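> Not my notes, these are from TrEMBL:
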type	residues	note
TRANSMEM	B:5-26	transmembrane segment
TRANSMEM	B:32-53	transmembrane segment
TRANSMEM	B:74-98	transmembrane segment
TRANSMEM	B:110-128	transmembrane segment
TRANSMEM	B:140-158	transmembrane segment
TRANSMEM	B:178-200	transmembrane segment
TRANSMEM	B:212-239	transmembrane segment
TRANSMEM	B:259-279	transmembrane segment
TRANSMEM	B:309-327	transmembrane segment
TRANSMEM	B:339-363	transmembrane segment
Amino acid sequence: MLDEIKKKLGAPADLVAETMDNGFTKMEFCFFPSMCDIKQVKDGILVPFSYRFDPDEFKRMLKADVCFIDAPDPEEWVGMLLKGCALIKYEDRVYSFAAIRKMQQQPEDTEVEASLQGPQSAMTEDLDMNTYLIRLRYNVPTLTIEKLEKGDVSKTRLNILYDRDKVDLNSLEELKKRLDTVHTKLLQAAGQLGMLLGNARFSMFPNTIQSERPDRVAQFLQRGKIAILVDGSRFAVAMPVRFFDFMHAMDDDYEPFWMGRVIILFRYIGMLLSMTLPALYIAVASYNPEFVRVQLAFSIDGSRAAVPYPSFVEVFIMLFMIEALIEASIRLPRFVGSTAATVGGLILGQAAQQAGLVSSIMIIVTSVVAISNFVIPNSSFSYSIRAMKYVFVVAAIFYGMVGVIVTMFLIIVYLCHLRSFGQPYLALFLPSDEQSQKKSGA
Amino acid sequence: MNRYFYYHVLYVGMINVMLFVPHILIKERFDGSVAGILASILIGTFLSIVTIVSMRRFPRMGLPEILHRHFAPYVASPLVALAGLSWLVGAVLVIFSLTQTMGAFLNPEMNEYLFMALMVFAAMFAGSRSSRTVQFACEILVLLSLPLVALIMFKAVSNRQLNWDAIRVVAGHFRDLPSIKVIAAATFFFSGYMSLMLFNRLNPPDFKVRHLWTLPLLGTLFSLFTFFIPIGFHGTVAVEEYIYLWSVTADSMVMKFGFIQRVFFIFLVLYSILSLMFAMNTFHSAMEFFKACSPRYKPQPEQVPVPKINWILCACFGLVAFLYGIWANDEKNQRVTEIWLVCRFSLEIVTMLVVASLAVAAGRKPRASSPARAASPGE
């Protein structure tokens, strides 16, 4: 066995492959110490084989212990080793011992979807840990888990989770169809899978939702959605999604009802502002100053007095600045990040306006756009909204206020047109509808 | 599913402003408009309720399917095409007058055709979606525009400049006999139910429009509001001076607080949304009707991705709208609108007769499960 494995792997330096001899009998033994949990290997193989050796007990252990799996097929050996199993050959039979090293032993803290008073634990980058976290929160016998591997090189493990009583069968079928078409070499993140599944190239809005919160995934499952856990990613991908899912934060469910509704309302207002405000600025400054109150029109025009170019140039300058600033503060190491924010803040603040490059109202517009964009709880959706505002800006450049209105109309129709795994993306469902739908379906 | 029906009733009840209905009514305010409105309340209610009740006999079927089921293709296809054409003309008229209104009030310096291109594109894109999409979009858009409607209504009724005496004077002329034009125009307030001709396809088999009593109520509200408020603002005589009557009326109102001072701009936003919605629905209905001219066509309310034929048909409609825009001016447009209103009125009657008689025929057949249902009022 050892020679064959060495031949296939090219005898890497980190592979331990030895024939062990305890004085009574011999055993071939190989594993990657870097990928295995040494303690488990020691307790499970080395101790019983060396100073506690008893041939009968050892045999019984190999047969009965669920950790030891028969591995007669030489083709499988390398794959098992690479996953972190230890292989032993004892009395001409090969067994694999799963002693995979786990990085995570306990749930992490939420980082992306923070919550004030909700559960603070988030998923980890370990598939089994994540599955545990979800089973813990959604503890019903109907929770179904299907296993899958994707990625030609990475062989990433996936778990598909759904409640088989509540799941929409059409969506499940469509998901499986799409999963069959997914071909990639390296599958490293949940978002990547979401993109591959969701026809992202043709859609301006995300078709799947990612979440790092087990409580959120449990809620999704309870609502009949399907979740996919990807090994090595702390995010679960859930589908089918609706527009409203992206605007929903878990805190809304944990706070008093009306407080939650008010916050949601603010969030929608924020989303609208972040999408349309730059375009409205262009429309009011260059096309329809009469649209707003006279005093406001004057102050907008007054603040633009020193600016030597049309309003849309100004908008593009400032939007570029703010996008660059946001991008920089995400990517930069934390030590440098604050510097970027300070410098950017200085420029976006007084200096640009005093230099006559942009109007002071435009600075307010920019900050409102940035801040209200942060209000959106889901980051992939907030990317979409960030991109959407340029559509509005372009429409406003050519058509002014009418352009903004028509674009709004088109985006609503487009959102209604989208389907996420067969389910409508933007549509209101009232409880009575769902009942009648079920009735007519039955 | 019920609410989807009422969204259509709501926006069709309001879109009349873009089709010069207030202007037509106001022109004859001293000879027959009031009586016409009163008559149209009766006629409109009768037409809509009889049609709706008859449609219950045909679950999940639109007008094309009903016609194809009972008539030979050479009878059914032209009828379906005619219905489609009537929708299409409505769309073209609304797109034209939206372009004119926006051009006149918002961007006077802009090239008219550039403007029209935007509207046509929006209607094309929206109309070519699937029926379900159109219905979802209708819901969202109606819900978004309702606060604006409420605001304008509130502003109008609570306005101190509103002269109730003028309204009373005109209301006193209810004894004069109305012309057919006035009745045709006034029944348009009730035309929302016609959307059932297409969207009945989406309804579940046991679907029943509930709360039918709201239909006359809503229609009456819309008609009285559209007719009397401008009179109250402009006086009994000056009111006939304006073609874009409601735009001018909305401009008579002021909001003391807020970013926007003139209610007129709220009105413009509202009516551009409503017109686009109307254009979307009419383009879509026309498209579906034309597609259904062939008896072999199978309706598919949910189609993703959008098939090419949708794009092609809607592009043709867009072209028609564009050509009409080149040919028409305000005067011609008004005349065409009046003709269209009368044609639409007669088509509605024909539709009602056809659907009701087919429903009765279907009810008489022995295999009909519940004969009690066929005995609907007015048959």
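Residue numbers in this text run from 1 along the chain shown.
Cβ atoms are placed via backbone N, Cα and C, with glycine included.
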> Using a Cβ distance cut-off of under 8 Å, indicate which of B:140-158, B:212-239, B:259-279 has the most pairs with the transmembrane segment (B:74-98).
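Per the Cβ count, the answer is B:259-279.
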> Do any residues, 6 or more residues outside the transmembrane segment (B:339-363), come within under 8 Å Cβ-to-Cβ of it, and if so which ones?
19, 21, 24, 47, 50-51, 53-58, 63, 66-67, 70, 79, 82-83, 86, 89-90, 93, 180-181, 183-185, 187-188, 191, 194, 197, 371, 373-376, 378-379
> With pairs restricted to those 6 or more apart in sequence, evaluate whether the transmembrane segment (B:178-200) and the transmembrane segment (B:259-279) have 3+ C-beta pairs under 8 Å.
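Not in contact, no.
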> Under an 8 Å Cβ to Cβ limit, what residues of the same chain, 6 or more beyond the ends of the transmembrane segment (B:5-26), are close to it?
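Apart from its flanks, the transmembrane segment (B:5-26) reaches 33, 36-37, 90, 93-94, 97-98, 101, 138-139, 141-142, 145-146, 149, 181-182, 185-186, 188-196, 199, 209, 211, 214-215, 218-219, 222, 226-227, 230-231, 239-240, 242-243, 245-246, 271, 274-275, 277-278, 281, 334, 337-338, 340-341.
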> Tally Cβ pairs under 8 Å between the transmembrane segment (B:140-158) and each listed stretch (B:32-53, B:110-128, B:212-239, B:259-279), then give the stretch with the top tally.
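The stretch with the most contacts is B:259-279.
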> Which stretch from B:110-128, B:212-239, B:259-279 shares the most C-beta pairs under 8 Å with the transmembrane segment (B:32-53)?
B:212-239
> Is the transmembrane segment (B:212-239) packed against any residues at least 6 beyond its ends, judged by a Cβ distance under 8 Å, and which are they?
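Contacts of the transmembrane segment (B:212-239) (Cβ under 8 Å, skipping residues fewer than 6 from its ends): 6, 9-10, 13-14, 16-17, 21-22, 25-26, 29, 33, 37, 40-41, 44-45, 48-49, 52, 153, 156-157, 159, 161-164, 166-167, 169-171, 186, 189-190, 193, 245-246, 248-249, 252.
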